[in-house]
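Feature list (source: TrEMBL):
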type	residues	note
ACT_SITE	E258	active site, proton donor
DOMAIN	17-78	domain 'Beta-hexosaminidase bacterial type N-terminal'
DOMAIN	82-434	domain 'Glycoside hydrolase family 20 catalytic'
Amino acid sequence: MAAPILGGKLALESHAAAPALSLAGDSSLAREEYVLDVTRRGIELRGGSVSAVLYGLQSLRQLAFENRGTIPVVRIHDKPFFAYRGAMLDVCRHFSPIGEVKRFIDILALHKLNVFHWHLTDDQGWRIEIRRYPALTQTGSVRRGTVVGDHRTSSEYTDEPYGGYYTQDEIREVVAYAAERGIMVIPEIEMPGHAVAALAAYPWLGCTGGPYEVMRTWGVSEDVLCIGKESTLGFLKDVLTEVLELFPSEYIHIGGDESPRKRWKSCPFCQERIRREGLRNEAELQSYLVRRIEEWLRDRGRRLIGWDEILEGGVSQDATVMSWRGTRGGIEAARHGNRVVMVPCDYFYFDYYQTHDPARVERETVATGRPDDVPHVTVRRAYEFSPYEGLDGGQRQCILGVQGNIWREYMVDFRQVEHMLLPRLAALAEVAWSCDRRDFPDFSRRLFRLKELYDQEGYRYAPYFFNGTDTVPQ
Ligand code: ACM
Ligand code: ZN
């Protein structure tokens, strides 16, 4: 069990009869709580679960690294503040083969996060093999070209086809790899918006019937799934049936964000559904879809999670809301007693600019948000997020945790992903583990040591925090 984390990098010698390193479960500890005891006689690590022991091993790895292989006598007793500590990777706008996905998972494990949210379908590519619908990957995983530069101003495209997808065997391999590191993989299958790749494969899923083309540029499409036709619901259930076989996670993410209602307004099927179901408007039509999928998932022992737009036409108590447009949706959901994961874009979108220095901003890859938008998502800003603002004691119970997002429009290769992820992910991990005992100067000191570990592992990271260029120039 220690091998994936400690690797061959730590040679443990014992001069006593006892083993140099003993790992044990301890039912008196909370599920994610661990106690790491390093004495002259050896190292004893106890945890309330396998995951908890893994966190202890990560701490041991850091200790060994920071002390050049000699572990000091120390006792660490820790447990995370939040049960949900996640990071999302978009593989639709730009793709990562599973080697890179595993590297992303390794980075999450180093930061003691426990959820990998895998954004698998979008307008620009469908990335998961579904046996029953082969065109999703045959057609839907490839776009004809890709917008060059900032999509808000560019009308230039490459004419290089761009594609990629995961076979079901690869998905299983990634899920198992993550599980060995204490990480749950939550798949995201987007509906009803961000679904143009599916429409291109099966045009009958849309209101107009198409034809549709896998999108070459970023943004939001007016073409979305037709909720009027029962065949769309059948398709979604078929897809999710295969998804549930691959992913054991309690939560299944159904997207739900940025779905324009224009097509539904002029679609006879959608309008007929609205009439027959007594819905008041198109916002309730989206809620109708979410409710049907939510019930279907619940019958199979799973929970639905979606972006905060799923609140707009009313949402069932059992849905979990991922608040991304700031914290407003999360606060509203928690006040209704829904479970919430906080992913506010102005704190935890790691595709946003991470330095205020205009000269540096120019040298960043184009990022989401505009260079002159303030505030940028600096390390300090992410660190200072207050997950409970606006909530009373009971409502706070609804906040499951926090997550950072990597949207890949402008991150063509994985080195850029690392540059945007690190070191901001460390600030997120700090909120997730210890937002009740924050101390920025102390965190800063520790982050400089973590940076050396990034160097050893060959992880790329942004330099701005470390060289003092991420703050607003005075
Ligand atoms: C999102 O960023 N559209 C969830
Ligand atoms: Zn329709």
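Backbone N, Cα and C atoms are what each Cβ position is placed from, and that goes for glycine too.
In terms of DSSP secondary structure, the domain 'Beta-hexosaminidase bacterial type N-terminal' (17-78) contains 17 helix, 22 strand, 23 coil. Neighbour count (other Cβ atoms within 10 Å of the Cβ, all protein chains): 16 for the residue listed as 'active site, proton donor'. Mean per-residue pLDDT, taken over the domain 'Beta-hexosaminidase bacterial type N-terminal' (17-78), amounts to 93. According to DSSP, E258 (active site, proton donor) sits in a coil region rather than a helix or strand.
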